[in-house]
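Undergrad: Feature table excerpt (TrEMBL):
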- 81-434: domain 'Peptidase A1' (DOMAIN)
- Asp99: active site (ACT_SITE)
- Asp315: active site (ACT_SITE)
- 464-485: transmembrane segment (TRANSMEM)
Amino acid sequence: MDLRRLALAVVTMVAALVGEFGCSAYGNVVTFDVKHKFAGKRNNLRAMKAHDMRRHGRFLSTVDVDVPLGGDGHPSGAGLYFAKLKIGNPLEEYHVQVDTGSDILWVNCVGCDKCPETSDLGIPLKQYDHKKSSTSSLVYCNNEFCATAHDGKLKDCKPDLQCEYYVTYGDGTSNGGYFVKDTIELQQVTGNLQTSPTNGSIVFGCGSKRAGNSNTSSESVDGIIGFGQANSSMISQLAQNGAVKNKFAHCLDNVDGGGIFAIGEVVGPQMNKTKMVARQSHYKITLKEVHIGDTIVKLETSFFGSIDENAAIIDSGTTLAYLPTTIHEQVIQKITSGKSLEMEKIEGQFSCFKYDKNVDDEFPVIKLLFKDSLVLTVYPHDYLFRFRDDMRCIGWQDGGPKSPDDNEMILLGDLVLSNKLVIYDIENQTIGWTEYNCTSSVKVKNGNTEYSVGYHSISSASSFTIGGILAFLFILYSFTSLFYIA
């Protein structure tokens, strides 16, 4: 399926995310244990690109928070990240895909139609049962948050009618169910790299029906947690209640895996930032030029359409990087010209060649120049990923997803975002980044207090080990303490 022909996600919210974040009288930083979805599946490039295609259909919108994350963004490795959450009383563990392109948290529920029962990712799958949790409660359509997210009171709403949701993605998959409020375990930050457990509550989707390829065991997890900008997301709920700063940052390490994912105000290093394109559901910014070595590719609005202003979508949930055909052809020509490379197609999609030297010595650095002097530098060792010890594959792919008016866009995923600290400031509608050591730590700020949040390492329950854990930190500014969701 041509990625350029993928429709952007269409989301029909039959209901809205509801509830408040009850953090005992404290507030501030939360994390999820997150692993890479395709970890241990090193050579399945077809599955990697298929994931990106499904991922492109999941663009919804949203948000703000801080939490622990794990995995690696290497194209021949895991491919995406998933978090381990503890929900309910008694607490049960669930693995959910971390998705900056969608807006709600949902997990599969008992009695779900066509939900997966096994996973090839080395994780146990579990279905949530609200009847077995003493702290759960159903959300009904007359709830004010349900009406707000639905842009008004639901038609024919009755006091006993549950608040439902239905999400349709551009790849043809869908998930539907109803909303539930329950306890989620948090880890309170008590000092630098120190935490202690505490509980909060959140409203999330209880998935009762799935359709499409999302029920295949090869990529199965228990659900999705969205970090988009819509009011229905968990982060947006917290921000609306004054619980968090509407900002987050990630640093993805593609060498050792894992990294840091902090939600809230990250203190430090200085970096350029650019304004997001206004009134967009995705994290979209304006691209001005592409430099391929000493060759400059000036972008015409005809590539993307005047409405999108040469837009590029920044999305850590996508593994590779996608360019309009005109730009992609120039990139490939510049990379391969004048070199004795025997190109071959791997799995019919990836252009690869044998090469056992240092790629940085022979191939060009590619720079993407954005509005407000923000520059994204992509080195050969980033975009020429190792498939085998003697084989390199080109990570730049032909064809970004189509915008609603059928214009092409640039989509930048982990391939080019790894090894950089990327900060999303939703409050001020800016994005910025800088080169960074993702195995170190970052400082998060709460009032006048700063705490360090660092790189972590976790193991899967299966036979493979995830390289690391990213710290998602929910910084809850209305109180005095910091928490992790773990």
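From the backbone N, Cα and C atoms, a Cβ is placed for every residue, glycine too.
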Undergrad: Between the Cα atoms of Asp99 (active site) and Asp315 (active site), find the distance and write it as a whole number of Å.
TA: 9
Undergrad: What is the number of other Cβ atoms found within 10 Å of the Cβ of Asp315 (active site)?
TA: 26
Undergrad: Restricting to the domain 'Peptidase A1' (81-434), report the mean pLDDT as a whole number.
TA: 84
